[in-house]
Amino acid sequence: VLTEEDKARVRVAWVPVSKNAELYGAETLTRLFAAHPTTKTYFPHFDLSPGSNDLKVHGKKVIDALTEAVNNLDDVAGALSKLSDLHAQKLRVDPDNFQFLGLCLEVTIAAHSGGPLKPEVLLSVDKFLGQISKVLASRYR
């Protein structure tokens, strides 16, 4: 459960992410596909090379969806309800991949932070992304 302090930290940490959604999204997907190559199977029609337009467009969609969750931290499940249904019922994405994506996003955020992330910021962002993973995986029952 995110505390009020966690929510405040996530909102502050998210400002550069949301302002640079295409960049953060594409870099996160590039890291995901490099570290977890089996995730590529969900994108057979994409150009998965780093910096490709496909990664930029889809990466922006990912960050925009997460920004919606940041804007609704008191109802993340509601904010991601349609996305959760899509990934569970239509796309049938392995729910473990949501955790992998979250970890890759943490690395991307850290890489752009200009220095080490403060432990309390990393903890809050990690809790938020863990909550996202749980919400997205919740429709798999």
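Just so you know, glycine gets a Cβ as well, placed from its N, Cα and C.
Annotated features, as they stand in Swiss-Prot:
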BINDING   HIS58  O2 binding site
BINDING   HIS87  heme b binding site
DOMAIN    1-141  domain 'Globin'
Item checked: For the domain 'Globin' (1-141), residues assigned helix / strand / coil by DSSP -> 104 helix, 0 strand, 37 coil
Notebook entry, point to check: Quick one: mean pLDDT on the domain 'Globin' (1-141)?
Noted result: 90
